[in-house]
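Single-structure report; data block below.
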């Protein structure tokens, strides 16, 4: 993970306690639906619950926060695996060539071991967070420096680290499927293979992982490029044991239900998989539960690491992406994850799905052609029993279709299209369902509107200033 591990385009089930409901009549009163409580937890902490299936649930630890008693209390109680957030990276462990400094890394390692936790090593070879002396090298000199660094760090921790992220973030973003243009890549295309072979010789007992971000969606070129590399390595006997999926989910790289397929396909190559740096903008409980269940569904998924303890500890704290609030209190996402780990599938959408019918048209809110593609604009269509007209209200204020797609506003101005998009917890996917029949976007303050007061099949849906017109009033059927 690095300071740029998210795309620059921007950043996009909990316990079923209170589900927002749409009005039953035009001027009816909205009814709150109370769902049965979830299954009782067999274990009361994340690590213990994960251990029931032979997995771990870990967190990233920063040495500078180990004097914070709230931080260490939560981390000590909840997690059974630790990753040093920055302390084992290249600039921290070898600030001068050949002069290793493990003081901060050892502080994290020792705290973990003293508190009964295992440790993941992160990371040995990476284009980022290189000390100045390494940045100035190239070619064979850089290659030798990489080898020496791997040997030096792994010798210090030999037999102590259960998994190492040997290589981090070597593939380019976008649709090219190419390697990232870095100083390490320019030292020769075999640099990743050399790093893994060096690491195996340095510590045969550690699992050796490749780690990257934006590789969770099976259809993406970057994912396919990583898959092809791992397949090639396995075919040729290059010692790779596991693949880490960072899972920094956001609007530019949202959670997709095919993540489970991705994990399964990599596991089928004969490697373990792990979710290594999980954080999700807005911490939607349903998405956290889905990710947890994806890991649980794949026998070779070793476990999950969240990238920080509280929101205030996160590298993206303004996006509130973790399981604990700034004050250390648990979020709904925490409960959803714990329930999933304890065997209760919290990822199922609320069981209150139904049609949303326009008062003026008598037609239903419809996803054209039952499309599941993000960005598909909604329309009016004759009501029927298809899943593309079944909308479930969640306690987070979402309106979901197909379980993992949300009613989504593409903008905040009049005329902005209303579409489906993978649920990610943003305010543009949250709606107020009012007793007058209006459906108002939380982010925009505008109403769900049938374009041009239209009533015919195919009339598109947009946002527009609320007017109490019949094209802006809806009932639940």
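In case you wondered, yes, glycine gets a Cβ from its N, Cα and C as well.
Lifted from Swiss-Prot, the feature list:
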- 1-41: signal peptide (SIGNAL)
- 42-340: domain 'GH10' (DOMAIN)
- 169: active site, proton donor (ACT_SITE)
- 277: active site, nucleophile (ACT_SITE)
- 361-477: domain 'Ricin B-type lectin' (DOMAIN)
- 364-383: disulfide bond (DISULFID)
- 406-423: disulfide bond (DISULFID)
- 447-466: disulfide bond (DISULFID)
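It is 466, among the disulfide-bonded residues 406, 423, 447, 466, whose Cβ has the fewest other Cβ atoms within 10 Å in the structure shown. Each of the disulfide-bonded residues 364, 383 was scored by the number of other CB atoms within 10 A of its CB, and the lowest score belongs to 383. Considering only the disulfide-bonded residues 383, 423, 466, the residue whose Cα is spatially closest to the Cα of residue 277 (active site, nucleophile) is 423. A 10 Å cutoff on Cβ-Cβ distances gives the residue listed as 'active site, nucleophile' a total of 25 other Cβ atoms nearby, all chains included. On the backbone, the CA of residue 466 (disulfide bond) and the CA of residue 169 (active site, proton donor) stand 47 Å apart.
When secondary structure is read from DSSP and collapsed to three states, residue 423 (disulfide bond) falls in the coil class.
It is 24 Å from the Cα atom of residue 383 (disulfide bond) to that of residue 423 (disulfide bond). For the residue listed as 'active site, proton donor', the nearest neighbour among the disulfide-bonded residues 364, 406, 423, 447, judged by Cα separation, is 423. Mapped onto three states, the DSSP output places the residue listed as 'active site, proton donor' in coil.
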